Amino acid sequence: MPPETTAQGPVLRLSGITKRFGQLTANDGISLSLARGEVVALLGENGAGKTTLMNILFGHYTADAGTVEVMGQTLPPGQPGAALNAGVGMVHQHFTLADNLTVLDNVLLGTRPLLSLSPGRGAARRKLAQLAQDFGLAVDPDARIAALSVGERQRVEILKALFRDARILILDEPTAVLTPQEADALFDTLRRMLAQGLSVIFISHKLHEVMAISSRVLVLRHGKLVGETATDATDRHQLATMMVGAEITAPAPAEARPGETLLKLDNVSTARQGNRPGLQDVALDLRAGQILGLAGVSGNGQGALADLLSGLESPTQGTLTLADKRPDAWSPRTAVALGIGRIPEDRHKTGTIADFTLTENTVLENYATTARGGWMNWRAARTATDAIIDKYDVRCPGPDTRIRLLSGGNMQKLILGRVLEAAPRIILANQPVRGLDIGAVTYVQEQLIAARDAGAAVLLISEDLDEILTLSDSIRVISEGRLSPEFPRGTKTPTELGQWMAGQGFDHAA
Amino acid sequence: MTEIADILISASFWAAILRIASPLIFATMGELICERAGVLNLGIEGIMVFGAFAGWMAVYAGLPLWGGVAVAMLGGMAFGALHGLLTVPFGLSQHVVGLGITMLATAAAYYAYRLALPQVTNPPRITPFQPLHIPVLSNLPWLGQALFSQTALTWAGFAAAGATALVLFRTPLGLAVRAAGENPQAVEAQGLSVTAIRMGAVIVGSGLMAVGGAFLTMSAFSSFFFEMVNGRGWICIALVVFGAWKPGKALLGALLFAGFDALQIRLQQTGLGQVVPYQVFLMIPYLLSILALIAMSRRAEVPAALMTPFNRGDR
């Protein structure tokens, strides 16, 4: 269907954009247009090509084919400066701010001729204050970026675009890093911008946000534009199906058949680290064939428990028993050797090494055991990686790609494959679906259920109560380093769990 | 201890500090500009050697003194352009390229020296910069001799430090340079060319390094010797860290190092020098510098993108 246009025609028109990275076609002949005062949502799974398309529009990448027109003028390819001057602003998913500079200097960067003698801070300060007021974007102009919260940094990114009088704003997964309250404030800002005639391209894979803010939805899949619809004329289920290309059904695990206890904590405490509470006198049983969900507000000791089970931290008190034995020396190597599979909370920091290839990342945990006579067995490593890429549907140019080039979902699939292919007896899944799109979420969750059915003990740590309730055979709540009793599936309502999460009930339970 | 006190009240000691510090100030500012833009320039040592040779040779060949300074600077900029080309658009290892430039520039200077003066055993002398007489100030008792009997090139060094600070912190260009060294994506996303900014910084910085080298042959001594730069370039790299990438602090660091150096030369001639081997005195500035470096640089903020090449279109 043709997009709505004003009398002047669309403010933005992309025609036939194609971009290849090696073997991978990230964008395949994509065309779209944007009208004044319109929010178009660009929906798609990780790796569908949304960010690549926007990077071409903004001039970070040069397309292999296709043109970008803003207000009827064709933009020269590969020049962010030209896009900025034409009134395009982009809020990158990974913020492009210099941490050692102030808010004001980040906004000013590149806005004045380099050889002029004055940075023009006075006038900029006034304009910034005006914008902050108009759009509800309060930030201290003299604060250094390093001192700002994630939400504040995003406001600076938006201010950077508005300061340059952007008419078209691209927001790349803006809510991925925000709390619900911050996301609401962002939507409020967006509505004010629309009222002033700005146009917005909103990249997301969160369906409820797309439904709430957009007037039109474009769906990308595997680099192709596969659907376009007015937001009024669709619903979340239909969008999800378009995005994934198949009907999505939430995983519904069958009845669990818990077996023997594989890992046992008795009266375990761990040290406090900075602001992070340690565990306090915790008892825990992880049983074969069962998913134990650990609910709780972020920062209540989940990290300490995860580090303990990963082997990164040792108990200061109490005992840890694995398969009826107490390991002598507790270290990450012991944990892996004794069959603990670890899906870490932060796949960038602790899950992978960004500049290593997929193959290298795959063998990070078992390079010593797969080596032959002290030499790396790269052939076996590559074969194993190829197998994981196939089996877990990791979208990538190949096993020799640096893993930083993968989207979050594909990175997580590789980590999942690395863990599951080692056939662990115990799986520590710490926020395994954070930041993933629906397709990847469902996939990861189904794999965890399959591992459970195969007899593994799964500890699922999540801040998402819905996820905990869907997947867990049994639930415990963590609060200030203490654990609640075990609640079997279906015995507690979300409200009741919420009270435990807020710390109620622990006194008489202890 | 009275011997140290005697040294400290002698005007010539303070004059020596300024003289010894001058080449360090030029080269440190040059290195600081490179590093603020995100490029570690290990070519500094060789570029200083080349600057020392080129400036001196140009004057020996008949150019005026300032003409020699200009020739040294242009030579340094040429090596800077090569360094920048290899490290910025080509994104090669900054360590390897820097050391390569040092070897290349040093060898080029020695080779050119032999070509120009094949038969000479003692290098010819030129008439170097003379102390600049400043009305009133130079006539002050003690102070005049201690602080105001320097050549114009020394004052140019201080001016270069001031200009570096002003440009880096008070102009749009300096803002772009500092951002390029912290997060080149931020520069790119604001429509500027990271490549151009980094190339420019390396070229200008290398020019300053070469002038620092030229100071040795054109102001401190009046001739060119092999090995005369003698690790000063490496000292400047440490001074940048010592100064926490801030021009003012780096300037103080250069003066401090020069102070230690001036002190040890004089200590060698005291009674202490009869007892202690002179090599121990030679170590003093380096030992004290290492201690100062440890004390000063622990909380320093390194430019976050230092030594990280930036490739457009990379994810």
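Counting begins at 1 with the first residue displayed.
Even glycines carry a Cβ here, placed using N, Cα and C.
Counting only same-chain residues 6+ beyond the ends of the transmembrane segment (B:6-27), those with a CB under 8 A from a CB of the stretch are 44, 48, 142-143, 145-147, 149-150, 153-154, 157-158, 160-161, 208-209, 211-213, 215-216, 219-220, 232-233, 235-236, 239, 251, 254-255, 257-259, 261-263, 265-267, 270. TrEMBL lists B:6-27 (among others) with the feature transmembrane segment.
Feature annotation from TrEMBL assigns transmembrane segment to B:39-59 (among others).
As annotated by TrEMBL, transmembrane segment applies to B:65-88 (among others).
Taken from TrEMBL, the feature transmembrane segment covers B:95-113 (among others).
Per TrEMBL, the feature transmembrane segment maps to B:147-169 (among others).
Residues 19-20, 22-34, 36-37, 39, 41, 43-44, 47-57, 59, 65, 68-69, 72-77, 79-81, 83-84, 87-88, 110, 113, 123-129, 151, 153-154, 156-157, 160, 177, 180, 232-233, 236 of the same chain, all 6+ positions outside the transmembrane segment (B:201-226), place their C-beta atoms under 8 angstroms from a C-beta of that stretch. TrEMBL lists B:201-226 (among others) with the feature transmembrane segment.
Counting same-chain residues at least six beyond the ends of the transmembrane segment (B:232-263), those with a Cβ under 8 angstroms from any Cβ of the stretch are 4, 7, 13, 16-21, 23-25, 27-32, 35-36, 40, 42, 44-48, 102, 158, 161-162, 164-165, 168, 209, 212, 216, 284-285, 288-289, 292-293, 296-297, 299-303. Taken from TrEMBL, the feature transmembrane segment covers B:232-263 (among others).
Summarising the annotation, TrEMBL assigns transmembrane segment to B:275-296 (among others). Remote same-chain residues near the transmembrane segment (B:275-296) are listed as 235, 238, 241-244, 249, 253, 256-257, 260-261, 263-265, 267-268 (criterion: CB distance under 8 Å, separation of at least six residues from the stretch ends).
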Please tell me whether the transmembrane segment (B:39-59) and the transmembrane segment (B:95-113) touch - that is, whether there are at least 3 C-beta pairs under 8 Å between them, with each pair 6 or more apart in sequence. yes
